[in-house]
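Report on one structure; see the data block that follows.
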Amino acid sequence: MSYTLPSLPYAYDALEPHFDKQTMEIHHTKHHQTYVNNANAALESLPEFANLPVEELITKLDQLPADKKTVLRNNAGGHANHSLFWKGLKKGTTLQGDLKAAIERDFGSVDNFKAEFEKAAASRFGSGWAWLVLKGDKLAVVSTANQDSPLMGEAISGASGFPILGLDVWEHAYYLKFQNRRPDYIKEFWNVVNWDEAAARFAAKK
């Protein structure tokens with residue numbers, strides 16, 4: 001089984017004016033495609049791992065040969081992270097129900113959660129991701145470097161938990177529109193969070 005670039009469930013301009021068409025198209029067709037290509041190339045000599053869903057593969061990095069571990073950490077990680085990211089974007093959804101209640105329970109308020117998430121995203125030095133994760137029965141905000149995922153576990157990524165939503169803070173995710181203004185990009189994210197997808201992921205794991 002080879003990994004393939006997932007189709008987006010919307011047009012490249014669907015998130016305008018918050019996320020711009022040019023960035024979305026380049027991000028999807030160039031950056032994400034490269035992660036897919038590199039992961040597939042690394043897996044050609046690893047048939048015992050090649051059939052695993054990418055979300056499972058990245059939980060087994062410590063089982064990989066040493067010469068494949070880093071390339072798959074980076075590229076299978078990039079494929080997994082971006083596949084989640086695209087599905088997590090949509091205009092016009094509302095945070096409600098069980099997920100909203102859990103956020104209020106674990107952060108005190110939705111505003112407190114947003115402030116903590118924004119801080120994690122803004123303070124991630126260099127490239128990486130900010131995440132809302134479910135750890136046991138509690139929600140938490142974590143961040144990871146590069147294309148690391150909380151699914152990789154604390155020993156590898158410095159974080160753990162099941163991702164409910166994630167935000168890419170690599171410069172390629174925002175530089176064409178926002179240049180060096182990462183905090184502005186982070187603020188715009190709240191206008192395009194697919195809370196329905198986040199709620200479904202939460203419901204599947206709670």
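Note: Cβ is positioned from N, Cα and C throughout, glycine not excepted.
For His27, His82, Asp168, His172, the entry in Swiss-Prot reads Mn(2+) binding site, with the evidence type similarity to another entry. A sphere of 10 angstroms centred on the C-beta of His82 (Mn(2+) binding site) encloses 24 other C-beta atoms.
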Neighbour tally for His172 (Mn(2+) binding site), based on other Cβ positions within 10 Å of its Cβ: 13
Close in space, distant in sequence - Asp168 (Mn(2+) binding site), Cβ under 8 Å, 6 or more apart: His27, Asn81, His82, Phe85, Trp129
Structural state of His27 (Mn(2+) binding site), classified by DSSP into three states: helix
